[in-house]
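Since the structure comes first, as structure tokens, the remarks are kept for the end.
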Amino acid sequence: ARIQEGAASLEGYGLVFKNNVMASGVIPQITIMAGPAAGGAVYSPALTDFLIMVKGDAYYMFVTGPEITKVVLGEDVSMQDLGGAVVHASKSGVVHFMVDSEQEAINTAKRLLSYLPSNNMEEPPYMDTGDTNDREVKDAESIVPTDSAKTFDIRDLVYAVVDNGEFLEVHKHWAQNITVGFARVAGNVVGIVANNSAYASGAIDIDAADKAARFIRFCDAFNIPLVSIVDTPGYIPGTDQEYRGIIRHGAKMLYAFAEATVPKITVVVRRSYGGAHIAMSIKSLGA
């Protein structure tokens, strides 16, 4: 929209946003960010379920650009530092998948769609993977340290358990203390929610709670069973988290698990302490 076009020019944006919202939870919505976006144009991608963004100088998104930021705040910042793929994939959490090329973005979207039903009335697509649910996970004991003070990457365990070691991680670079993504077990699609002790010892913070809650609600909307893999010492303490609203954000995760009506399985691999024990889906929340 241009200033000289007046408020009426914004009505088009509003119609797009309304359609995004009306389709939310009914059909999967995926955005490929293959160019720049600024102002109102950034909100439709943010309203969709998954945003795939290409790295590079030609690709960026922000509400307010560097020039206005300079005038208003006196802050010098480049387009990439303000709204590039790396920023949104690792700091803001707007981007779910960061890729190196537009072709990779298309391939990622295709792979993502292979896990999703076409709408919320369908079941997720079954695939004969050649893997079975009675396969012994021989590497499990070597992957998970018996000493709870030692950290490990929970994704190694996920790869060992799921069919053929295929796991599509969502938000890989953001809130890494919790891992979420799609996989198959005996050919059936599942959503994985797992604490990752390789980052912040697997403790839950504001971003981790938001990341998990959004993913849980998506899976519930599209009939995807949830598997929680628990290894957490609790919530991250301190004034920073409390002042920013860890209670409010942590409640989102509790709400999401309690609300979900899909099958929920919880596996405690080591630690499960305090409020985080509840937040990772216990029996009273429907596991």
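Note that Cβ sites are derived from N, Cα and C of the backbone, with glycine treated the same way.
Those TrEMBL annotations? Automatic predictions, nothing curated.
Note that the coordinates shown come from a computational prediction; the quantities given were computed from them, not determined experimentally.
Record features (TrEMBL):
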DOMAIN    1-128  domain 'CoA carboxyltransferase N-terminal'
DOMAIN    132-287  domain 'CoA carboxyltransferase C-terminal'
Helix-strand-coil residue split for the domain 'CoA carboxyltransferase N-terminal' (1-128), DSSP-based: 62 helix, 18 strand, 48 coil
Arithmetic mean of per-residue pLDDT over the domain 'CoA carboxyltransferase C-terminal' (132-287): 96
